Amino acid sequence: MIMIRSNIALIGLGVMGKSLTLNLLDQGFNVTGFDISELHRERAKLEGIQVSTSAENKGQLNIVESLEALLASLEQPRVIALSVPAGNIVDSVIDELLSAGLETDDIVIDTGNSLWTDTEARAQRYQGKLRFISTAVSGGEVGARTGPALMASGEQSAWQFVEPMWTAIAAKVDTSGTPVGQFEQGEPCAAYLGPAGAGHYVKMVHNGIEYADMQLICEAYHFMSVVLGMPANKIGQVFVKWNQGALNSYLMEISADILQTPDPVTNKPFVEIVLDKAGQKGTGLWTAVNSLQTGAPAPTIAQAVFARAQSSQKNTRLKGSALFQSQRPAHSGLDKDEIISQLHDALYCSKLSVYAQGFDLLKATSKMEGWQLDFTTIANIWRAGCIIRAAFLQDIATTYQTVPDIENLLFAQSFKTSLSQYSTGWRHSVANAALNGVPMPGISSALNYFDSLTSAVLPANLLQAQRDYFGSHTYSRINAPEEEKYHLTWNLEQRDQVKQ
């Protein structure tokens, strides 16, 4: 019997690895699978058989129990995708592959959620020993199974070899930018983005935007629930309506579904039996920290991280609520339909603000790292498969295609028109939240970002004077070249200006 060589191997057959494996089989690729867990191997084997026998032209799955057997099963050059937890385990697996006989022309792909700087270091470490690329995968279990967004970076020759496989399994959109089915023709949401680290960096910013987008939706829900007293299913119906217009997105779609789903145990609204303590895996934190490091402000992403942290302080919040609840204003005099309309406008403007923050961060780091990221490509591959897919990503892609060097996304004419139209509702929503004692940290920070971005004068003149007063940090004058620095002799009776 002649053994069929596999086109690719997957190491790690957990949720994501198994889903990618089944997707590859669906597209006709032969796959070798390996996992240290016998349970994971058996599950993948059973589901792989189901896919392979479901129709003609499906791939075959070969489950092996050693890395030596894995290498022996692959056609040359060997392509091995890792779906293992980020961190040292990635290096450990690659080292074991080298010991098992991996060769310099073979390709290793990290598909995990690695920190981008780790990916850069990894590329340096294995240079000359193998061809290393990373592919950040967005879309969760369902996306990986039926079509994810794929953000690749690293050795370009390796990308050129695996590109046919990656574009085959990726999510796709039609000519209008609308997602299409797994087996339909369309433009794939997979692309090579640049040198090592670039793909994982773009995915990190994607996740930061995801954190913020989720928080914004939650704030709109919370206001309607607390202030307007609307039941969860009614709020879900509002979200369904919103999802048919400018706010169309995957996160809006699933939020509407969640809010209209009953708890199978109590039959109460499911959302009401879920404890209000949000978890996080750290990618939002990475994005917020990177924003501080680069000096490209992403305050709404940071606020989304803080909101999750504060939600986890449940006992403290219960004590605070008991102490100060009587001091919260009573809800009165609000027109329900008008408030809902204003919340729609606030959510739309805030989403624009968040995407502007995210792309500004991409722009800053691309310049610092010399990556030359293509923002049109990034917006295009986010249109389907990924968690933040949204209708207006088509408009973002068009903006960058038309004006690739635009200083800030909010300055685009199409978005300028929307912001002018919706900003009143944005401001009223933030004001109503404050007046009714309902937290709205994401939406308010998004508004503050916009107001700061569009302010010709900010109070940083006083701030810089304060710095000069206590620390002699100098200042620039408005009537002199900015590079000229001055200090005022604050501690002397005669306060004179000294040019530095």
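Heads up, the Cβ atoms here are built off N, Cα and C, so glycines get one too.
Because TrEMBL annotations are produced automatically, they should be read as predictions rather than curated entries.
Look at TrEMBL and you will find LYS203 tagged as active site, proton acceptor. As annotated by TrEMBL, active site, proton donor applies to GLU210. Residues or ranges marked as substrate binding site by TrEMBL: ASN113, SER138, GLY139, GLY140, HIS206, ASN207, TYR211, LYS281, ARG308, ARG467, HIS473. TrEMBL lists 199-491 with the feature domain '6-phosphogluconate dehydrogenase C-terminal'.
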Self-check item: Sparsest Cβ surroundings (other CB atoms within 10 Å) among the recorded positions LYS203, HIS206, ARG308, HIS473
Solution: HIS473
Self-check item: Site diameter for substrate, Å, by largest Cα distance between ASN113, SER138, GLY139, GLY140, HIS206, ASN207, TYR211, LYS281, ARG308, ARG467, HIS473
Solution: 48
Practice problem: Let me know how many other Cβ atoms fall within 10 Å of the Cβ of GLY139 (substrate binding site). | Solution: 24
Quiz item: What Cα-Cα separation, expressed in whole Å, is found between TYR211 (substrate binding site) and LYS203 (active site, proton acceptor)?
Solution: 12
Exercise. Fewest other Cβ atoms within 10 Å: which of the recorded positions ASN113, GLU210, TYR211 wins that one? Let me know.
Key: ASN113
Quiz item: What binding-site residues in the list ASN113, GLY139, ARG308, HIS473 lie within 10 angstroms of LYS203 (active site, proton acceptor), counting C-alpha atoms?
Solution: ASN113
Practice problem: Measuring Cα to Cα, tell me the gap between GLY139 (substrate binding site) and GLU210 (active site, proton donor) in whole angstrom. | Solution: 11
Practice problem: To the nearest whole angstrom, state the Cα distance for the pair ARG308 (substrate binding site) and GLU210 (active site, proton donor). | Solution: 13
